[in-house]
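Below: one structure, written as structure tokens.
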Amino acid sequence: MMIIVMLLLSYLIGAFPSGFVIGKLFFKKDIRQFGSGNTGATNSFRVLGRPAGFLVTFLDIFKGFITVFFPLWLPVHADGPISTFFTNGLIVGLFAILGHVYPVYLKFQGGKAVATSAGVVLGVNPILLLILAIIFFIVLKIFKYVSLASIVAAICCVIGSLIIQDYILLVVSFLVSIILIIRHRSNIARIFRGEEPKIKWM
């Protein structure tokens, strides 16, 4: 029972819509009505500005990061293969990612999983996250598309999990990559049409 409570708590924390709340609280804006209509960090930068964008990014990363440690902090006990699987920090973090993408608070219309996924990876393997961040910024520097850099970094996480032979990370990163690609399908279409906005600060 406690494992179910832990996973539900992880989902609800992940579902906290940082961009939406900050937009409403400090700017009196519904971020869903501007830019890409997304509640995540990238659209927060576009609509609310850099300070708010950085705050949303931090909060979204933190959501994923903190949930990884729930199995250590909460009184959960694994007494079999199934309970052991669901008390793995990566699996608990996956529920936070699902909450971020499909938040119950906003009729299941949330962000695109990038920052919260980064928080989960930070919690389980900071060195891998550093490598992925370097790849992200290299791709971003070359092509100027946040969406493309995010997808490439996600795919590299799958490859990295194979290299280090972390098979739970492999499963989670593969699922997240699928979600991320699906959530970015409109961005991908705009890239092919030459209509996707490029960043100007790099």
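Each Cβ is built from the backbone N, Cα and C atoms, and glycine gets one as well.
Database features, via Swiss-Prot:
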type: TRANSMEM; residues: 2-22; note: transmembrane segment
type: TRANSMEM; residues: 54-74; note: transmembrane segment
type: TRANSMEM; residues: 85-105; note: transmembrane segment
type: TRANSMEM; residues: 120-140; note: transmembrane segment
type: TRANSMEM; residues: 141-161; note: transmembrane segment
type: TRANSMEM; residues: 162-182; note: transmembrane segment
When counting Cβ pairs under 8 Å to the transmembrane segment (162-182), the leader among 2-22, 85-105, 120-140: 85-105
Proximity of the transmembrane segment (2-22) to the transmembrane segment (85-105), 3+ C-beta pairs under 8 angstroms: yes
Cβ contacts under 8 Å made by the transmembrane segment (85-105) with residues that lie 6+ beyond its boundaries: 3, 6-8, 10-17, 39-40, 60, 63-64, 67-72, 76, 78, 111-113, 116-117, 119-120, 123-124, 168-169, 172, 175-176, 179, 183
Residues from the same chain, set at least six apart from the ends of the transmembrane segment (120-140), whose C-beta lies under 8 A from its own: 61, 64-69, 89-90, 93-94, 96-97, 146, 148-150, 152-153, 156-157, 160, 164, 166, 169, 172, 199, 202
